[in-house]
Amino acid sequence: TICTGADRPCAACCPCCPGTSCQGPEPNGVSYCRND
C-alpha cells in the first residue's frame with residue numbers, strides 16, 4: 001500500500017509511513033506526517 005512520507009500532508013487515502021505519525025494542524029491548518 002502507498003503510505004504518506006515524513007513532512008508530507010496527512011492524506012485520508014494513505015496512512016503515514018512506519019516511523020511517522022500524523023501531527024498537527026500546523027499554523028497553515030494542515031496536519032503533516034512527522035517522524036516519531
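Cβ atoms here come from the backbone N, Cα and C positions, even for glycine.
Disulfide connectivity taken from Swiss-Prot links Cys16 to one of Cys13, Cys33, namely Cys33. All chains included, 19 other C-beta atoms sit within 10 angstroms of the C-beta of Cys10 (disulfide bond). Ranking the recorded positions Cys3, Arg8, Val30 by the distance of their Cα atoms from the Cα of Cys16 (disulfide bond) places Cys3 first.
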